[in-house]
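Below you'll find the structure, written out as structure tokens, and then a few comments.
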Amino acid sequence: MSLPKIAISVGDINGVGIEIALKSHDEIKNICSPIYFINNELLNSAANILKFTVPNDFEIFECGSSFNIKPGRVSKKSGKFSFVSFENAILYTQNKRAQALVTMPINKESWKKAGVPYVGHTDALGKYFGKNAIMMLGCEELFVALYTDHLALKDVSAKIKAKNLALFLVDFYNSSKFENIGVLGFNPHASDNETIGGKEEKEIIKAIKSANNRLKKEVFTGPLVPDAAFTKSSLKRCNRLVSMYHDVGLAPLKALYFDKSINVSLNLPIVRTSVDHGTAFDIAYKGKAETKSYIEAIKFAIKLCDY
């Protein structure tokens, strides 16, 4: 039986992505057939800096132009290349040439310098496919979906409306099939019965009721108190959570499971997973990059595509 084909965009070439790909290749080729979206000249330049040998079976899809790699630096050229790699990998997967897409980390500032009109991978995928892409991060022990992802904190409250949140919850259930999902509150202590704010919690309660009614079962509970939801005893009861705001969900997740967590884009017509870390410019090309999150992302992508 042939192995599933996985399209891998290499991320920001000035970061740790290509080091992780080269380090992990011998392991992941046993569970999938990876194809890396990079040109030969850039690949060899990166390998030379790392003092790595490119494996003979390291299959690439030639894309983008070459330039001088500047380890650990924000760069317009590296931003443009990381988007070209990503865009080609999307098309390759969309055209059924690969069963799933796995992305290495990009640098958002480099994308901005290059004129890329998206905040990040999830935003780009949602707009590309015309869908409300859902960002979910974590591992089997704990998954957290973000109702708002890369949105300034001052703008989050205005986004918490029952109608839109209910649609999000239903989409999240339909794309994840999790049966027990906790929805975190927005205010401290989930407003403590409206003694600390509370208008957001009112909307959350309405959304939970609406989503459960549409699904005709009690999938969602809440609003849960965020500072208690991540304790060991709480996670034994419910370890699939929805956070209204990026840091409320991801700070405890990364404190607990940083090394093994991954990023998954749900509610899309393709399977996409990613590492749950950034470009790590501080250790780029120093041989220190960890591979565990990437390997977990590959394994989860294979699981999702039911190959």
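Including glycine, each Cβ sits where the backbone N, Cα and C put it.
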Listed in Swiss-Prot for the divalent metal cation site shared with H150, H189, one of H121, H246:
H246
State which of the following binding-site residues has the fewest other Cβ atoms within 10 Å around its Cβ: H121, H150.
H150
Report the largest Cα to Cα distance, in Å and rounded to a whole number, among the residues H121, T122, K254, N263, R272 that the record lists as binding substrate.
20
What is the interatomic distance between the Cα atoms of H121 (substrate binding site) and H150 (divalent metal cation binding site), given in whole Å?
11
Of all the binding-site residues here, H189, H246, K254, R272, which one's CB has the most other CB atoms within 10 A?
R272
